[in-house]
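This structure is in structure tokens; I'll ask about it shortly.
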């Protein structure tokens, strides 16, 4: 009996009181709320005040502060420059005089190369020499792209050229621009033989950009810079001979970059698909 009484007394002694339970439960709830990733702001002497997260339906600009707006020009200078350009050219576009129907197009590249055009018009031998050198440069582009594919086993530049010339053919057939006034042709200019060609866009410029980008991937910096310099001289000659409009050359530059990027995506997706098929035992 004494043993049982002692056990009962010990059990009663170890049993927590109601106030102790309440204090522990309050502390546990407070700890859980403190772990709510910033949802609780601690107060003085209590558990804190719950701050609900902002609703997802609120527009992003509604959460901008004055400091955010003021720091845009400092942290995002390039987009700000383009924003100013947008406003400027909106004003130019809505007030510029349109070229009348039947008049030759206004091309600033032609205006800048008037002296070169006069020189080549009065000196046909020089025009033929420059055309031959330009054809050699096109051959250099082609040779490098084929070398990278057939010898080095890197087909990206070749795939890019295929994409580019196919797209150029589609666009050239879709809109056939008139031949610029004062065009100075040559039988040795590429394509050789005074044959017809698409004006939009310049395959000369785009092919050179594709080759130059591949050279940079391989860290052939000197060769890449050489191709870039020759591409600039090529563009000046094409404007001087009225072989391309300025917009043809500008789009050719962008097309070279674009189709090189698309060819890279194609290679990446092809490798990913081949890896998946190989892991599944389908190839």
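Note that Cβ sites are derived from N, Cα and C of the backbone, with glycine treated the same way.
Note: TrEMBL annotation is automatic and uncurated.
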Choose the correct range: of 129-150, 217-238, 239-260, which one does TrEMBL annotate as transmembrane segment? Give that range.
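The listed stretch tagged transmembrane segment in TrEMBL is 129-150.
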Looking only at residues six or more beyond either end of the transmembrane segment (157-179), which have a C-beta under 8 A from one in the stretch?
144-146, 148-149, 198-201, 203, 206-207, 210-211, 213-214, 245, 255-256, 259-260, 262-263, 266-267
